[in-house]
Amino acid sequence: MIVLGIESSAHTFGVGIVTESEENFILADERIQYIPERGGIHPRESSRFLAEKAPMIIEKAFEKASLRLDNINAIAVALGPGLGPCLRVGATVARALASFLKKPLVPVNHAVAHVEIGLRMTNLRDPVIVYLSGGNTAVIAYVEKRYRVFGETLDIALGNLLDTFARETSLGPPYVVNGMHVVDRCAEGGRKFIEDFPYVVKGQDVAFSGLLTTALRAYRRGEDIHNICLTLREIAYNSVLEVAARCLMHTRKKEVMLVGGVAASPILREKFAKMVEEYSATLGVVPPQYAVDNGVMIAWTGLLAYKSGVTIDLKSAFVRQRWRIDEVEIPWR
Ligand code: FE2
């Protein structure tokens with residue numbers, strides 16, 4: 001079985017083609033990323049970029065896989081969550097392909113796809129999943145046919161916190177240099193913690209917008225930027241760590257998986273490595289190339305879903321900007 005997957009939920013247009021084969025299951029992995037000249041991602045501008053690049057990326061993927069269009073068994077597409085205009089680019093392309101090739105269309109939840117490609121890459125079986133990216137911060141665990149959320153951010157995502165702080169203080173973009181976030185790097189020069197920064201964990205949820213405001217205020221009143229970065233990242237990372245540790249204890253799982261763009265942080269990884277040791281658990285980290293948005297994760301999840309009989313009618317294949325991970329039935333586990 002061969003499945004093509006399309007990702008376009010924010011800044012990346014990705015096309016992946018995968019098979020069931022144990023090794024070399026990736027036949028193609030093509031992607032292109034929209035990088036705004038300044039500021040954050042503007043959905044409409046990003047979607048225009050994605051739409052412009054889509055045909056080229058699809059063509060490249062078929063070339064790379066040495067396949068003809070009709071060799072594909074199904075088309076999978078990320079229908080949410082994400083930015084509406086961006087999601088619609090992928091959905092339109094996928095519907096057109098499915099209709100033209102007369103192949104089934106498989107709806108994929110972007111967050112589920114991050115988890116599934118993570119499991120495929122780390123060989124973990126049933127971990128507590130810590131999903132950290134520019135748009136998401138959640139601690140998730142599989143319980144009774146669903147990936148359930150055991151804690152999440154009440155306002156902005158961890159990646160958004162780091163990127164926004166970097167942008168406002170001219171540390172970035174680029175936000176990640178040589179595999180390390182610029183805030184992480186700047187924090188290395190920090191010597192002391194600043195007292196009044198808020199550490200917010202409410203029940204199992206975290207919140208970062210107060211922390212961002214406080215950090216920016218400290219920057220404007222002339223506090224040392226290294227000390228600000230150190231305080232900011234320690235508070236942010238430790239609050240996620242606390243929630244994840246409680247989930248591990250509560251679910252009695254024996255594995256933790258870090259996934260999403262922020263999972264690449266070596267500092268965060270070190271903190272988690274120490275934590276899992278205390279609980280005699282194992283840590284798995286998704287390789288950076290597959291921790292960020294890509295088409296392979298959509299294709300792989302699409303393949304799992306399609307094998308379990310999940311397809312969607314072209315007429316009902318609309319995007320869902322706020323499609324939560326815990327709304328998705330997982331029949332393949
Ligand atoms: Fe993502």
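Cβ from N, Cα, C; glycine included.
For the Fe cation site, TrEMBL records H110, H114, D293, and the single candidate of Y131, Y279, Y306 listed with them is Y131. In the record from TrEMBL, residues Y131, L132, S133, G134, G135, D163, D184 bind substrate; the candidate from S46, S47, S265 listed for the same site is S265. Residues near G135 (substrate binding site) in space but far in sequence (CB under 8 A, at least 6 apart, same chain), listed by position: A10, P81, G82, A157, G159, N160.
Close to S265 (substrate binding site) in the fold, though at least 6 residues off in sequence, lie M180, H181, D184, Y237, each with a CB less than 8 Å from its CB. Taking all protein chains in view, 27 other C-beta atoms sit within 10 angstroms of the C-beta of L132 (substrate binding site). Counted within 10 Å of its Cβ, the other Cβ atoms near H110 (Fe cation binding site) come to 27, all protein chains included. Sequence-distant neighbours of S133 (substrate binding site): residues of the same chain at least 6 apart with a C-beta under 8 Å from its C-beta are H114, A157, L158, G159, G260, G261, V262, V292.
Y131 (Fe cation binding site) and D163 (substrate binding site) are 17 Å apart (CA-CA, integer value). Across all of the domain 'Gcp-like' (30-300), the predicted model scores a mean pLDDT of 95.
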